[in-house]
């Protein structure tokens, strides 16, 4: 049958496309100009792509409603109503509303995890790197392309059917005004047009509803419509519906569409960057109410539109006024979305056609506007700035966005023409989109909600899922009808299988890939480090940041409850009882059904039409007053300092702060608490020729993976002069400097939000005398690099700790030790250079009578005195170690200890104690042949389960991860893993001969907490007995430790090491002694903060708790509370660099006068507190100490969720 002629002439079509389109363009451009002139909204790249991140909830709701109101919302919903009856509108509306509601939770999470990102894909890149980022770029662009094609194809088909305007002309003309006002207004224009368009669409829907159910001379009431639907059900019963009725929710075809609809719309919401853009643009307080209100308001639009016009088509198609009378509509016409326009013409004639044309045009243009901004932001930030021009400034990014919009529009128009001529309709694309994109939904959600998803799961799961989905779709289509054409592949069964496979396959793929490649332990810090693109973004005060994070955490909890509850109501509680019962609507029930829809749409009108105006009344009133007075808004003066500098000045050689700016000027906003603008200082200081090597947005993580921070500046000097300059600038700016090397301390000692000075580039060997063993090195050299350099000259360090990743400055500053009664702490020849107050360098030594107290403080300074730049060391001839390790029962170990044989049997001895199996591994080593000419043949150490086999490494970590959820497995894990590593039988022994610099090291395995204390050596057996008894007989109360260990299980082993500093140090300064130089070298001044025992040897007891895949052990608080109580009871002191919880007052009691002396020295050399970080203030400084230097915005945090 030939299609009916158009209800309107072509003049209507061109008039609305061009006239109405350009009228909106002029309106939006004018509004953008007014906001710039009277509201200080400058069109930077930030404003263009994020709308200033300050949009309120009403406008967010309006934007959500308008962006989600596609042509398909109106046309497809009416089509499924025509096919399946009253169930169709509800299945469409509920199946596409839950995504918006659930996305509110994801929006809050994105605001919390990555507050400065421009696109969701930036957060993906920050977390996973390039491969996953490119995967999600493809899926994001595919989503935008599919949505854009549906919009243009559906709109063109409707305009062609109503006016006769050729579809190709409509395809090319519709986007032109949209591109025009988007180029001028960016995302803010999207929000404003969304409001106008959404308001107009809702008004038109209300007009149609009132006409159909109240005013029409043919219908005019729900009862009249009901009677005609009963007749239509009898004349054209619906296969799969209860009794073939149009008035039931029991519809097989309807529920099949419902599933397809849910799956596809998850993809188009959770992968469409446009929705993330709105979340980014929303003010943190308004994101949740905006999305929830928008989702609830949007539900009424497809539900009432289809319940009105879809049912009107069924009721009126037997009337001569229906365009296809006397025939029914064909499947191709329904799929093309012509149910709504035909019903509108039958209901209101020419007026109905005009309103339909306006409504569809507004729906297409507002949604296409959102897709333009979403796509351009992907190309601009995730392709151009990420891979082509990382240093691109704001203006260049705006130009790039403009170019991307125009090219993307041209490509979409050409593709739409191809679809038109090949007979691919909007309905087909709507069903297909889930097959092609929904495999990215689960990995995208887990990217923000779970820190365990690794980069390979995020990269491969979407790709593999899509391959599976396409295969399932095509195989089902082929098995259903034996061919692969548009009709067969578009069938419900084929689309259902393909959509479900796409959405659900990652639920299998992601866990599988996490098992294969390991569960990640992501700490979310790199997302937080994403920077804004323009320099006119102000640095927030810490109080503001803390308040915002608190609000976001509260909003996340509320969003989780509210959105899940609403989703369950729409998907289960409301429809499923009616579906299960097969209830056929009565006349009265149908009247109530329609009445609820009409009341709901009026609520939507208030939410997205009136509330945004009320919410912005202050801004609108201010603009009106300024317009009336004829003057622009005054430039707001904030607490930030603003400095204009020329481009030549901005491009300093080495600052790393001021990157390339515009040809004329660059505006730098510096943090509000600076005593002077940072930019100005950098410009004035560059004349001295000393570089200032600093950068921003560097994420610092401790070597153990326990803490992370985002310093304001990350400085890497390459000379002493550069260190001095950094210190001077910090003093002038009122900033603190925390010095770090490898960050080997598992505590937050090296974390700061102020300036971080990293010594990795101060790592040269300055001089080395192979005859005397005197070595002068820069303080940032790592121990492994130092050992390798010494080995080339036949030298070695006399003693090392367990790891060699530390810098020499860090090892000395924190009191690093090995395990030997013949050695003390890792020592140096007593001479060092340190950056002091005023940025000058001073040298202190044991023989310097001018600074005796300074040297005692500097021996173990914790970085609180200055920056150690150079260190003089005493090396010894290189040696090998012949070592043996033996499995021993706890009882024999303690007996040997108490008899004095355990720690004296070799030069180096250390013990690993296993509390549940009550066994220990005793490792002992002696120098093989001090004479290098008689060096023994070296042997390879045995490859244990953990040390030499990758499988064992992952097995142990996986078992620890499993024990996180089932802690009672930990005793069995100890028995199995360490039995495989060392042997199950007592007396099992192994050994090797290795270079000393290798043999003294141990593999620390995984991210870990370490609580280590120094106690008198003779208290060691008591410590192990009491701790073992407590863990194995968890009664608490009057037991060996007055805490309950019921249900508590801990990790093994406990490391036991020794040293003896009493033989090498004195409590008084050597300068005051009359002893000879050689004697002073034997008995060096004791550091003020030395935690070891003054009289006699020291035992170091180390309780390590691993963090498998970034998970904190659930036993940590209780175990460490009891462990620290025991250590205090034994007269111990905590190791400064480890995870202790001792209070300031307890530290004062432990160190007494020595701590007071250290504080006095510290206050004298650094009265402003330049070298005092947050950890020092909490643990070392006296309570209430007032310092001039304060931090701006603390971002130190545990490296976890």
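The backbone N, Cα and C atoms fix where each Cβ goes, and this holds for glycine too.
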Transmembrane segment per TrEMBL - which of 376-399, 496-519: 496-519
Residues flagged as transmembrane segment in TrEMBL, choosing from 403-421, 536-554: 403-421
Overall pLDDT of the domain 'FAD-binding PCMH-type' (707-878), taken as the mean: 83
Candidates 55-75, 131-153, 288-316, 336-364, 558-577; stretch with most C-beta pairs under 8 Å toward the transmembrane segment (195-214): 336-364
Stretch contact, the transmembrane segment (336-364) with the transmembrane segment (589-614), Cβ-Cβ under 8 Å, 3+ pairs: no
Cβ contacts under 8 Å made by the transmembrane segment (90-110) with residues that lie 6+ beyond its boundaries: 64, 68, 73, 76-77, 80-81, 84, 117, 120, 123, 249, 254-255, 257-259, 261-262, 265-266, 268-270, 275-276, 278-280, 282, 287-288, 291-292, 294-296, 298-303, 306, 445, 448-449, 552, 555-556, 559-560, 562-564, 566-567, 570-571, 574-575
Within-chain partners of the transmembrane segment (589-614) [C-beta distance under 8 Å, separation at least 6 from its ends]: 56, 58-59, 61-62, 65-66, 86, 195, 198-199, 202-203, 205-206, 209-210, 213, 222-223, 225-226, 247, 293-294, 296-301, 303-304, 307, 620
Cβ-Cβ under 8 Å with the transmembrane segment (288-316): same-chain residues at least 6 beyond its ends: 55-65, 68-69, 73-74, 77-82, 85-86, 88-90, 92-94, 96-97, 100-101, 103-104, 107-108, 201-202, 205, 208-209, 212-213, 218-219, 224-225, 228-229, 232, 246, 278-279, 282, 322, 329, 339-340, 342-344, 346-347, 555, 558-559, 562-563, 566, 570, 593-594, 597-598, 600-601, 603-604, 607-608, 611
